[in-house]
Amino acid sequence: MYSEGKLLKVFLIFAGFIIFSLCGEVVSQRYPPAPGLLKYLEQDVCYSLYYYLNWTSLADCKTNFEETGISDVPSTVKVRCQSKNSIRFETEPSEHWQLFILMEHDNFDPIPFTLIEPNNVFGELITTANKEYQIWSTYLDEYGTLQDWMEGPIVLKFDQRNQQPDDIKYNVTQEFKYIILGNDSYTINGKFVWNTTGDRDLCFDIANICQNTNMKHAKIWPTAHPSFDVENLVLNDECEIHVKGIHGTTKHKYKTPSCFELPECFLNNMEPEIPQDVAIAADQDLRGWWNINVAWAKPHFQPEIYNVTVRANMIRSIILPGNATETTFRNIPNTFLSAGKIYNVSVYAIIGQKASHTSRRAFTPGMLRWVWAGATAGAGCAAGGLLAATLLCCGHRRATSRVSQEDPDEKTPKEDDVEIIGIESGSADDHWEVRSDRVLLHEVIGEGAFGVVRRGTLAPGGKSVAVKMLKEFPSQEEVRSFRSEMELMKSVGAHPHVVSLVGCCSGRKPLIVAEYCSRGDLLSYLRSSWDIIVSKHTAKYYNNNMDSMDTSKLKVHKEHTKLVVNKLYELQGPCETELTPLDLLSFCRQIAMGMEFLASNRIVHRDLAARNVLVTEDKTLKIADFGLSRDIYEENQYKQKGNGKMPVKWMALESLTRRVYTTQSDVWSFGVVIWEIVTVGGSPYPEVPAARLVRSLRSGYRMPKPVNCSKPLYDIMRACWNASPRDRPTFPELHQKLDDLLHSACANEYITLEVDVDEAPSTPKPQRYIKMLIRGKLPWSRESYERPVNPTSNLYSSPPVIQTKTA
């Protein structure tokens with residue numbers, strides 16, 4: 001009996017130990033993160049909140065992480081959509097911040113998390129397809145205090161075969177609404193609707209890509225009636241919307257209505273068509289005087305009149321009826337236009353008070369070679385006939401545009417050289433002129449050796465502009481160059497991705513009034529975004545929902561903020577949201593579109609770089625300073641030759657060795673700009689001194705592929721850096737290649753915003769994206785990523801230098 005009782009006692013003790021151990025194991029598994037991971041999680045979450053909390057709250061936030069327990073109240077979160085890369089969930093709204101994490105069983109990988117701001121109900125968490133997770137959540141107050149963790153649902157492994165039926169496309173339909181903005185401005189708003197295929201098919205990623213407007217993208221949260229609104233579409237634009245859901249991506253092409261398809265727009269707007277296919281040619285008669293022929297295509301809708309203007313050392317205009325398609329300026333004296341000089345021709349189509357125009361530039365043919373033949377009296381008749389035939393042949397040579405490797409010696413017309421024929425005061429030819437009293441000047445936003453740029457307001461509409469002017473006591477050469485720049489900007493015309501002329505004052509104190517881009521230059525914009533990426537991802541986590549927060553509702557303590565602001569521009573905007581891979585790819589495409597326009601106008605930029613591209617409030621990129629030299633440069637970026645500075649790290653090999661500048665040399669520079677964008681503001685050739693660059697390029701060296709860049713995108717860069725200019729792609733081809741990349745399913749396949757330097761795969765795969773993004777080490781070292789403490793200059797402060805043109 002005693003032995004049986006003792007045996008029973010031992011059994012009970014052993015059973016109790018087993019039960020205690022099992023219970024302890026269950027409790028330990030219910031606690032969300034392991035202690036080591038909890039430390040990393042608290043760092044990343046608290047630093048993410050640091051942008052909206054003060055310094056004391058940051059310390060409290062870390063302490064609260066250590067003291068948080070487990071709540072008996074279950075979480076209200078529900079998984080609504082699941083794909084191979086993420087889940088999207090819905091929760092109850094709260095007046096507090098909510099923190100959601102994904103715990104993987106028996107694994108010590110970093111923990112994906114997301115923060116949802118007060119009163120929001122949807123969120124997204126990054127997953128890996130072949131893993132099983134559990135969601136945990138908690139609340140945080142405005143001081144960073146955490147409540148107890150609440151246990152949420154299990155997220156099962158994603159089975160793509162069961163989730164994604166084959167060959168299913170969404171039926172996308174659209175309707176457009178015509179909007180009158182005032183001031184003779186019009187736009188289109190589009191609404192796109194598509195079907196769903198069941199309860200698991202309720203979440204979508206949308207990208208809208210148009211030829212003439214910015215790409216727009218959005219996440220569609222769970223809804224049984226999905227739709228997407230696109231505002232501010234351009235009339236007569238070709239677009240494509242991508243709807244990515246559980247069944248893959250459906251691409252729907254559409255074209256926005258033209259003004260002529262909308263009765264209200266047609267009646268109220270009636271913009272004359274821009275003259276197309278403008279061709280110009282000059283020939284010289286036997287007296288040495290010039291005739292310039294101008295021809296253009298017949299428009300679909302005839303304007304009231306045409307105003308055709310030629311500018312050389314004089315201005316001459318002709319008014320023509322609306323059915324005209326050709327005219328000739330005859331008997332221009334060689335005192336106004338000489339051989340081998342540049343001239344500009346503008347064709348304005350005019351209806352009422354509205355005008356559209358196209359401008360072209362060309363060189364007159366070289367000096368005539370007069371051949372005088374001496375002959376004897378007996379052979380005089382034959383020699384005279386031969387001489388006459390030679391002169392007639394030479395006298396009617398046509399002009400052809402040709403490449404200029406040096407700046408042409410162009411002169412602007414003097415006031416007493418102006419000759420105007422058949423033009424009335426206030427007509428289309430002087431519509432650029434703005435009275436100086438209409439421009440209200442504000443603070444200086446840029447300053448160079450020769451000029452100053454101020455932010456301005458243009459009356460009466462109150463439009464923000466950038467006003468460029470010369471400094472006090474300019475030289476005659478500076479005034480001449482400034483006026484040449486003014487005429488050049490008139491002739492370039494308007495494009496969505498080129499900084500356009502708003503107006504000018506051509507009086508004694510000339511002014512250039514241009515578009516104002518509030519976010520400054522692209523290089524500073526990229527680097528400010530990089531600062532945000534580094535600060536938000538210092539440890540081992542990625543908060544993929546922060547970019548959707550309304551930061552205007554949050555309290556920011558400026559005395560503790562980490563934000564670095566370039567005071568030359570309003571850079572608070574870039575510091576509020578980080579860029580996405582889709583943004584970076586769109587930036588490359590926008591620059592290609594702007595350069596395609598300049599190349600079509602036979603304009604060579606010669607200084608294409610991220611610092612020479614401006615960013616507007618809505619992330620539209622505009623190429624600036626095309627064809628101009630800059631005053632101030634970053635150290636080791638420009639090499640002095642005579643009185644000119646050269647952007648050696650952006651220049652093509654032939655430009656460095658032979659000073660040849662063509663559109664194809666701009667293509668080389670564009671490849672460097674792509675590299676700047678992919679590296680989010682990195683300095684090119686970080687390991688190569690400028691003095692050794694030419695030797696390195698000649699030997700075949702090219703910048704290696706950035707670790708966060710895919711092979712297809714890097715192949716585009718390498719194609720731009722081909723040693724043979726003829727073998728480089730053209731800008732239309734680059735535009736098409738970037739369109740093809742954007743049309744693919746996921747921009748993350750081509751660019752990631754952070755990389756794992758421990759493993760550094762040459763081509764990051766999509767399933768590795770989150771792991772690379774949440775690792776704690778930075779992808780670029782201080783030595784290879786040069787960042788100036790202060791901006792070296794801005795895009796408006798370049799000295800005006802004459803434009804270079806190609807054939």
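Cβ coordinates come from backbone N, Cα and C, glycine included.
Of the candidates Asn323, Asn708, Swiss-Prot marks one as N-linked glycosylation site, and that one is Asn323.
In the disulfide annotation of Swiss-Prot, Cys239 is paired with Cys210 out of the candidates Cys203, Cys210, Cys381.
Between Asn195, Asn722, Swiss-Prot assigns N-linked glycosylation site to Asn195; no such entry appears for the others, which is not proof they lack it. When Swiss-Prot is consulted, the disulfide partner of Cys203, picked from Cys46, Cys61, Cys81, turns out to be Cys81.
Among Cys23, Cys46, the cysteine that Swiss-Prot records as disulfide-bonded to Cys61 is Cys46. Rounded to a whole value, the Cα-Cα separation of Asp205 (site 'Implicated in PTTH ligand binding') and Gly451 (ATP binding site) is 46 Å. Here Val453 (ATP binding site) is compared against the recorded positions Cys203, Cys239, Asn307, Asn323, and the shortest C-alpha distance is to Asn307. For Cys81 (disulfide bond), other Cβ atoms within 10 Å of its Cβ number 22. Using CA atoms as reference points, the binding-site residues Ile445, Glu447, Gly451 were checked against Asn344 (N-linked glycosylation site), and the closest is Gly451. Ranking the glycosylation sites Asn171, Asn323, Asn344 by the number of CB atoms within 10 A of their own CB puts Asn344 at the top.
In this structure the alpha carbons, written CA, of Asn171 (N-linked glycosylation site) and Asn195 (N-linked glycosylation site) are 6 Å apart.
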